[in-house]
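Have a look at the structure below before the remarks.
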Amino acid sequence: MSRPSLTRFLIEEQHAGRIDAELRQLITIVSRACKRISIAVSKGALGGVLGDAGTGNVQGEAQKKLDVLSNDILLEANAWGGHLAACASEEMDHSQPVPEQYPSGDFLLLFDPLDGSSNIDVNVSVGTIFSVLRAPKGTEKPGDEHFLQPGTQQVAAGYCIYGPSTMLVLTLGHGTHAFTLEREEGSFLLTQANMRVPDETAEYAINMSNQRHWEPAMQAYVGDLLAGKDGARGKDFNMRWIASMVADVHRILTRGGIFIYPWDKKDPSKPGKLRLMYEANPMSMLVEQAGGAATTGRERILDIQPTQLHQRVPVFLGSKNEVAAATRYHLDADKA
């Protein structure tokens, strides 16, 4: 029996009344853009796209050539379809409405065009993260303020990971599903329906080099993980860290674990490292739809009311019992 394609999956979701035709077509366009990005990434040094672009983004981060190229691919692919009202990206200071010569649709698209791009030059898996919101009714020219919706308002979220194989992981609010790109055919085929994150885990992903900058609750939590079966947790834990959120979260969706990027004192003015709107929110929706959990260490990420397009948050996501344990350390410390 042949595997269902992404196209068939989306049409069946539409027939079941879970999505409309416009959202189906938007996801199809995003998936096509991801195929183009996958081709560019896979060429590596042969494509002349490695290295810095010589520019910076709104976060003050140096842009890689592939950051800029991936951003341009997503913008161009979504400009003319008629399903989108505006886009927002990690690589752009402000949101961008669709060009006036094209019809405007009902949706807002946010994306990190190439997450983990600092790993590109060393050939580590990277990916595209995206989130879809509905434009508020009556909005003719959406601005940044129209994107400021809590993650619970997402109608779709996903990422495309460019690794040994290219995979699109998608949720439309009814489970999390993985599609693998069949390169000869050029189609994404369903390879894992209804992904499930185990409730329990003994694996965590964190950048331990920042340990000295963590708050006491975070120090205590990781200290107990490191103590293993001789400590308060009573079992041994393994640590993994790829420094590519897409790659780390993909591992967690596949076999469980907890991904952590906490607040730290290196720059106390920043509430976290990862961006809420196009990193934390879509990844949180994917993980929750797979039975996991996602918090800031104190509150559910999807409940946060954003105040800025490029707002940052701490992130704890993955196996729900371990996320609950990490959150408990922080809340108990707040009460002390």
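Glycine is no exception: its Cβ is also placed from the backbone N, Cα and C atoms.
Look at Swiss-Prot and you will find E90, D112, L114 tagged as Mg(2+) 1 binding site. Secondary structure from DSSP puts D112 (Mg(2+) 1 binding site) in a beta strand. Sequence-distant neighbours of D112 (Mg(2+) 1 binding site) (same chain, 6+ apart, CB under 8 A from its CB) are S89, E90, T128, I129, F130, R275, Y278, E279.
The Mg(2+) 2 binding site annotation in Swiss-Prot covers D112, D115, E279, and the record cites sequence analysis as its basis.
If you look up Swiss-Prot, you'll see D115, G116, S117, S118, N207, K273 marked as substrate binding site, on the strength of sequence analysis. In sequence order, K64, A243 are the residues near S118 (substrate binding site), counting only same-chain partners six or more apart with C-beta under 8 A.
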Checklist entry - Under 8 Å Cβ-Cβ from S117 (substrate binding site), six or more apart in the same chain: what's there? => result K64, L66, D67, V126
Next on the checklist: These are the binding-site residues: L114, G116, N207, K273. Which one scores highest on other Cβ atoms within 10 Å?
Outcome noted: L114
Item to check | List of residues, in chain order, with Cβ under 8 A from that of D115 (Mg(2+) 2 binding site) and at least 6 apart | outcome: V126, G127, T128, I129, Y159, S244, M245, V246, E279
Checklist entry - E279 (Mg(2+) 2 binding site) has how many other Cβ neighbours within 10 Å of its own Cβ? => result 27
Item to check | Integer Å distance between the CA atoms belonging to N207 (substrate binding site) and L114 (Mg(2+) 1 binding site) | outcome: 20
